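The feature ATP binding site is assigned by Swiss-Prot to Gly151, Gly152, Ala153, Gly154, Val155, Gly156, Lys157, Thr158, with sequence analysis given as support.
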Amino acid sequence: MANAVGKITQVIGAVVDVQFNDHLPEILNALETENDGKRLVLEVAQHLGEGTVRTIAMDSSEGLVRGQEVTDTDGPITVPVGPGTLGRILNVVGEPVDEGGPVDAEERRGIHQDAPEFADQSTEAEVLVTGIKVVDLLAPYSKGGKIGLFGGAGVGKTVLIMELINNIAKVHSGVSVFAGVGERTREGNDLYHEMIESGVIVPDNLPESKIALVYGQMNEPPGARMRIALSGLTLAEQFRDATGADVLFFIDNIFRFTQAGSEVSALLGRIPSAVGYQPTLATDMGTMQERITSTKRGSITSIQAVYVPADDLTDPAPATTFAHLDATTVLSRAISELGIYPAVDPLDSSSRLMDPTIVGDEHYQVARDVQGILQRYKSLQDIIAILGMDELSEEDKLTVARARKIQRFLSQPFDVAKVFTGSDGIQVQLEDTISSFKAVVAGEYDHLPEGAFYMVGGIDEVIAKAEKMAADAA
């Protein structure tokens, strides 16, 4: 049967109504039309009755006119998948946007897939070492798990994601997929060129590249921003299922997925729920997050940046995301104001792996001791602010001194932030991190100045920096 053809009856921004006289397209079907000489994809969102469907445009709808013909593709939006996508940048409908010619892919997949059956999912717990001290020590990431990076505007989510790509994608033998959801075009461009510089993308021999990129940037219509995460996820699922690989799936930023869903929901005339979000917020998030999982064939480890509106973690968007995560890394403005980067909050960040049966007794105990000292310091800060340090007991003075050293020791220079710090990035082995913090907690380095602990790797560098500071002072 020939694909059904309909006519546009109404255009309101990103929402386009199309009337079909015979065969009505199903919900989530992709429709195609010509706009300004380019293919425009519309996704069916509602059946309005009398042969009319309401659709969401995946690109700008400027230039569309009533009466224009639209063809039903008889299936969902599809994207190219497989090795041909490596080193390429695709948009939401799988078209290349890197001016590198057509994508050499043998297979296309629909972006709406069912999550794997429960019986097929893997439940093993294994630590994914990142080389970032504060993460590995206090809120370790799980291989095949979901990790959230929470933070307000400008506290370093994208820098942390780029460092994780740098640290893990380089040493990681599998492939990675990066979904840029509603973020800055400049950051997307910077990321692409950084990938080329670091050898993760090989422009002269694309099959050797280790990452595929899908972008739906801030300036794109809400339909594209809402579906781009699913396009990226479809690529990641194919790598996992076809090759049995361990896939890294980066999303920057998952909040924009929710935000775009909220815009689309309002355009479709749904009654908003709390704080103006769409009534289907939990369903939209759950449908996507359930697909990001590890099966017995391979794993998808997902690292998601989550923008926190007005630094309010109780906002429905970040709160809904929390429920799906194995580990949360919370970035704090108060810590970034102290100049400590990565600005990870050691007391707010958590991980399901922080269990002695998984990480071992020594790691668990050191992490709890570090958090205990930092928590005591936090509770003493009001007293210090009002009465000053002199009013504290000797024991509390020692706790404060150690806490300030620990706080600075949790900072670390990043490869991707070399432009800002002027020093090369350092990755620290997990064993070194544990032994270093164990010694600091035990008071073995109480004699060293706290400045020596700032922006260094292991404890050997602290000692070297302290000696240099002493020599400079003399």
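Heads up, the Cβ atoms here are built off N, Cα and C, so glycines get one too.
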Item to complete: Which residue among the binding-site residues Ala153, Val155 has the fewest other Cβ atoms within 10 Å of its Cβ, if you could check?
Response: Ala153
Response to the item:
CB neighbours within 10 A of Gly154 (ATP binding site), counting all protein chains shown, number 10
Discussion item. Please list, in sequence order, every residue of the chain apart from Gly151, Gly152, Ala153, Gly154, Val155, Gly156, Lys157, Thr158 whose Cβ lies within 8 Å of the Cβ centroid of the ATP site.
Written reply: Tyr307, Leu331, Ser336
Worksheet item: So how many other Cβ atoms are close to Gly152 (ATP binding site), meaning within 10 Å of its Cβ?
Response: 17
Fill in: Three-state secondary structure, Lys157 (ATP binding site) (per DSSP)
helix
Response to the item:
Least surrounded, by Cβ count within 10 Å, of the binding-site residues Gly151, Gly156 is Gly156
